[in-house]
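These notes are about the structure you will find just below.
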Amino acid sequence: CECDFKICAECFGDAVKNAGALCPGCKEPYKATEMEDLVGGGADGGARPTLSLPPPPGGAPASRMERRLSIVRSQKAMTRSQTGDWDHNRWLFETKGTYGYGNAIWPKENDADNGNGGSGGGLGGTDGQPAEFTSKPWRPLTRKLKIPAGILSPYRLLVLIRLAVLGLFLTWRIKHKNEDAMWLWGMSVVCELWFGFSWILDQLPKLCPVNRATDLAVLKDKFETPTPSNPNGRSDLPGLDIYVSTADPEKEPPLTTANTILSILAADYPVEKLSCYVSDDGGALLTFEAMAEAASFANMWVPFCRKHGIEPRNPESYFSLKRDPYKNKVRSDFVKDRRRIKREYDEFKVRINGLPDSIRRRSDAYHAREEIKAMKRQREAALDDAVETVKIAKATWMADGTHWPGTWIQPSAEHTRGDHAGIIQVMLKPPSDDPLYGGDGEEGRPLDFTDIDIRLPMLVYVSREKRPGYDHNKKAGAMNALVRSSAVMSNGPFILNLDCDHYVYNSQAFREGMCFMMDRGGDRIAYVQFPQRFEGIDPSDRYANHNTVFFDVNMRALDGLMGPVYVGTGCLFRRVALYGFDPPRSTEHGGCCSCCFPKKRAWQILMMRR
Ligand SMILES: O=c1ccn([C@@H]2O[C@H](COP(=O)(O)OP(=O)(O)O[C@H]3O[C@H](CO)[C@@H](O)[C@H](O)[C@H]3O)[C@@H](O)[C@H]2O)c(=O)[nH]1
Ligand SMILES: [Mn+2]
């Protein structure tokens with residue numbers, strides 16, 4: 001199959017026998033040519049079974065097509081950010097109605113509420129489907145959308161004019177030597193040449209930026225719709241491991257980390273396929289207990305988000321939204337539920353903020369007890385000797401009355417930041433495979449979660465071992481430790497990493513990322529990166545903290561070339577890509593190659609299957 005999903009020869013043989021078999025990778029029917037090649041090239045040659053494959057689903061009726069595309073509606077209301085401030089990013093790009101496809105940027109309110117995505121989808125206008133969409137015999141999960149020539153051509157022209165001016169200037173500079181100050185002249189020529197060269201390097205990728213759109217409805221169709229082999233319509237999406245790194249509970253408040261975790265646990269992705277790993281490089285009990293609190297609050301927060309389609313699913317941001325929370329909410333008990341959750345969240349905050357104190361008090365109490373014990377023991381052991389003052393290290397104690405293996409508040413040997421044991425603790429155990437519905441609001445349960453799945457994804461706390469004399473490589477080291485530890489626990493084929501101060505703004509984002517990975521030819525993609533958006537920046541953004549040029553111009557432009565650079569966070573990886581294999585072949589992007597050399601390609605596939 002074109003997606004190169006590897007299956008063993010026998011399974012493929014079976015698939016060939018069953019007419020209409022789908023490739024388990026991209027859920028597309030196998031193409032007849034591949035099968036003929038396989039059978040023809042097989043050891044026994046000869047007998048070719050006649051195959052009756054279903055016709056390619058290219059000519060789907062227009063009404064279905066329309067349903068799959070959501071249409072960008074009024075742009076005016078969207079130019080205000082969630083804090084109510086003027087949003088330059090969006091104004092700059094969305095006024096054309098063509099910007100922002102398939103990215104995690106502020107999901108449209110209507111989509112967020114009806115929950116079934118298409119959030120990235122949409123066409124610049126209402127006119128028909130894009131050519132990329134209709135020309136393919138299969139239904140693509142993603143589309144590449146060209147930037148309209150009206151926007152790009154003037155920009156290219158400007159680049160050309162500047163290039164010409166630059167050329168003229170440099171010739172003038174070189175031709176007009178300054179005899180009085182040759183050194184100065186030489187140096188400025190070298191510098192100007194260098195600046196010119198680096199400017200060209202900077203401009204070239206920008207000549208062909210791309211936008212991408214995902215189609216969440218197709219993803220749902222392919223992976224989550226009941227089929228004969230999957231009558232319950234259980235999700236077939238791949239496992240996803242989310243890594244959150246935190247290093248220091250003083251600089252990175254545990255409340256922020258807890259909010260990040262909550263936004264991940266509440267994301268719209270099959271619960272049994274999602275696992276969340278927190279890496280704590282500080283090895284702090286404070287972070288550990290904050291995560292435990294978050295896990296317990298999630299029992300309420302996550303079903304609440306599912307029930308009412310909350311966006312964003314980070315409680316701190318949600319409760320500080322300036323817009324009307326009751327808009328587009330249909331369920332009559334929303335007001336009551338929201339009020340209740342708000343109160344619970346406030347109590348949760350108080351608990352988290354009280355943790356440092358409670359840990360200290362607890363440790364003091366245990367320490368006093370230990371000291372008395374030690375004193376007694378000493379008195380019994382050496383009645384006559386001169387009694388020395390007992391001195392024991394002041395440990396940090398866990399709630400169950402044992403020493404915390406990580407960093408202690410008062411550092412002592414083997415309990416400092418750079419020297420402590422490894423800790424791994426499952427905070428939420430892996431959920432059952434089938435949905436577990438909550439009960440009504442009675443029996444002590446605060447909210448009515450009838451028909452709402454109340455399962456939570458797995459949550460694991462990891463603090464890697466650290467010893468003096470080793471280079472722990474900061475965040476990269478933490479990521480490595482998580483790659484290894486998650487490999488023996490959930491081993492999700494995809495990995496997404498986030499810093500503790502970043503959260504998932506759009507609950508559909510994981511699905512959107514997966515569209516790229518599961519699309520035909522997606523096996524050649526090592527990672528998909530989300531742009532970063534920032535909150536709490538001053539309204540006029542005088543220091544350009546939104547970093548718009550970087551995320552929305554440079555990175556998109558590089559995407560049109562060979563792919564953007566990795567920026568360190570918010571990145572969805574294919575796990576095997578991190579395992580150090582050779583990159584996949586660089587030729588063959590489908591298109592012309594595959595139609596010119598069908599034979600060769602079929603053979604290649606065949607070889608790999610063997
Ligand atoms: O020993 C360490 C040090 C840092 N971190 C984590 O690494 C992340 C990023 O560190 P930070 O100091 O916040 O760097 P920033 O400059 O804010 O981060 C940006 O730049 C980094 C690289 O320069 C990227 O790794 C980050 O993803 C990117 O957000 C945070 O989650 C930290 O908790 C660790 O896990 N262990
Ligand atoms: Mn940071």
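One is the number of the first residue shown, and numbering goes on along the chain from there.
Cβ coordinates come from backbone N, Cα and C, glycine included.
Note: TrEMBL annotation is automatic and uncurated.
Taken straight from TrEMBL:
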- SER245, LYS251, GLU252, ASP281, LYS474: UDP-alpha-D-glucose binding site (BINDING)
- LYS475, ASP499: Mn(2+) binding site (BINDING)
- 115-127: compositional bias 'Gly residues' (COMPBIAS)
- 40-63: region 'Disordered' (REGION)
- 110-135: region 'Disordered' (REGION)
At the level of the C-alpha atoms, what whole-angstrom distance separates GLU252 (UDP-alpha-D-glucose binding site) and ASP499 (Mn(2+) binding site)?
10
Binding-site residues close to ligand 1 - of SER245, LYS251, ASP281, LYS474, ASP499, only those whose C-beta is under 6 Å away:
SER245, ASP281, LYS474, ASP499
Using a 10 Å cut-off on Cβ-Cβ distances across all protein chains shown, tell me which of the binding-site residues (LYS251, LYS474, LYS475) has the largest neighbour count.
LYS475
ASP281 (UDP-alpha-D-glucose binding site): tally of other CB atoms within 10 A of its CB:
22
CB within-chain contacts under 8 A for SER245 (UDP-alpha-D-glucose binding site), separation at least 6:
SER279, ASP281, LYS475, ALA478, MET479, LEU482, ASN497, LEU498, ASP499, CYS500
Coarse DSSP state, helix versus strand versus coil, of LYS474 (UDP-alpha-D-glucose binding site):
helix
Cβ atoms near ASP499 (Mn(2+) binding site) (within 10 Å, other residues, all chains):
20
So which binding-site residues out of LYS251, GLU252, ASP281, LYS475, ASP499 are up against ligand 2, CB under 6 A?
ASP499
Specify all same-chain residues, apart from the site residues SER245, LYS251, GLU252, ASP281, LYS474, whose Cβ lies within 8 angstroms of the center of the Cβ atoms of the UDP-alpha-D-glucose site, ordered by sequence.
THR246, ALA247, ASP248, GLY282, LYS475, ALA478, CYS500
